[in-house]
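Copied over from Swiss-Prot:
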BINDING   229, 241-245, 278-285, 375-377  FAD binding site
BINDING   233, 407  DNA binding site
DOMAIN    6-137  domain 'Photolyase/cryptochrome alpha/beta'
REGION    278-285  region 'Interaction with DNA'
SITE      309  site 'Electron transfer via tryptophanyl radical'
SITE      362  site 'Electron transfer via tryptophanyl radical'
SITE      385  site 'Electron transfer via tryptophanyl radical'
């Protein structure tokens, strides 16, 4: 017999949507069978609230947009904070009718520890805590080698991943969803105030956020850009990528919805496969993170754990500010500063420059990207940095060192991208745009760009640094 007074509490984390939401689907199905209502809540970790990276601006604005959307539909997103035990206790005190908590799981990093603590606390209250795999297309321990061990190389992983049947999007009955949403009094006024203050302190303002915009962008990309994705995705001056990553980060759209939307699209099959392979890379790096839980702080390749990386603050600051004297590197870093996002080709170029040209510790780069990227995904970011630094799983060989000038000429031939983010070089002609240091003094005056005044000279000599990097990784550097 059903209990019409019971409440199902759905814990939203990085899944701010009402469609294709696995935990929400199960909560609604329970309500259909047994009656009751559901409420939504968000746990604001005090550690998260105490720092103000750019990606938090985007994330918290998404949370606020979702909260407002729920209010429009008769509900609310309740904010709780404090220790996880204390926060959940407040929630249960405010809503004693709660008889189950539902969430999409977090199986890596701090989220894993938080969920273990939450499960332990709720068990003491005799309240079941149901968690579901949702954020990825495959579970981290699903695609393994025949001997049950994780893959170390992406290509064979991808072949196995491609054969795996992917979960289809979760269908949620909209009438039941909106008809059973609960509206009550906020359980934690302190948390609501803390959250509102975080919103007020946001230094960046994003308008195209949330579920509705995510779906529109997916549809637009599929219709207008997918067919040219394979050919255009590496050129930053072309709008050739999906720009879906911030929406994936916040869960405004699910990877399942994207996967099946692309799979069923009438587009070039090679471009579609190339795009889907990026989703496989996301699953791959999450799998690596699952089996290498210390990879944020430690190289996966044991042979490189004792490298004597540089921590030169002047070089690091030049890199962060986009003042290295290498236009393609600086354009990428300035895009990151201005937009909280960077084209993927530039992520590789800038990471290679930091670790191979400056020989600066990859962890410093990873931490900076963590602070700045609005699409920051721990597993993918760590994996990408260890790849660039040649110290991770299936990493680029240490002797493959990106030449920033060659990369610039190949992927931004006419300097369109460079000029977008480095106005000092607007008048510099194409034949100097990649190497402005080759201009004579007369040409610098003519093109309104005086080196070391308007735009910096290169902070390193790439050819010399390449030789130094090779020695560094071989272990025969003298420093």
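Glycine is no exception: its Cβ is also placed from the backbone N, Cα and C atoms.
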Quiz prompt | Rounded Cα-Cα span from residue 376 (FAD binding site) to residue 362 (site 'Electron transfer via tryptophanyl radical'), Å | solution = 16
Quiz item: Expressed to the nearest Å, what is the distance separating residue 281 (FAD binding site) and residue 407 (DNA binding site) at their Cα atoms?
Solution: 23
Exercise. Please report how many Å separate the Cα atom of residue 278 (FAD binding site) from that of residue 407 (DNA binding site), as a whole number.
Key: 21
Quiz item: Which one, from the recorded positions 229, 385, has the smallest tally of other C-beta atoms lying within 10 Å of its C-beta?
Solution: 229
Quiz item: What is the nearest of the recorded positions 233, 309, 385, 407 to residue 376 (FAD binding site), using the Cα of each?
Solution: 385
Quiz item: Between 0 and 100, where does the mean pLDDT of the region 'Interaction with DNA' (278-285) sit?
Solution: 97
Quiz item: Nearest to residue 233 (DNA binding site) in three-dimensional space, by Cα, is which of the recorded positions 243, 309, 385?
Solution: 243
Quiz item: Could you state the CA-to-CA distance between residue 385 (site 'Electron transfer via tryptophanyl radical') and residue 284 (FAD binding site) to the nearest Å?
Solution: 14
Quiz item: Out of 233, 243, which has the highest number of nearby Cβ atoms, where nearby means within 10 Å of its Cβ, if these are the binding-site residues?
Solution: 233
Quiz item: List, in sequence order, the same-chain residues at least six positions removed whose CB sits under 8 Å from that of residue 407 (DNA binding site)?
Solution: 328, 345, 349
Exercise. List the residues of the same chain that sit at least 6 positions away from residue 309 (site 'Electron transfer via tryptophanyl radical') in sequence and have their Cβ under 8 Å from its Cβ, in sequence order, or write 'none'.
Key: 359, 360, 361, 362
Exercise. May I ask which residues of the same chain, at least 6 positions away in sequence, place their Cβ under 8 angstroms from the Cβ of residue 284 (FAD binding site)?
Key: 151, 154, 157, 158, 161, 383
Quiz item: Out of 281, 362, 376, which of the recorded positions has the smallest number of neighbouring Cβ atoms within 10 Å?
Solution: 281
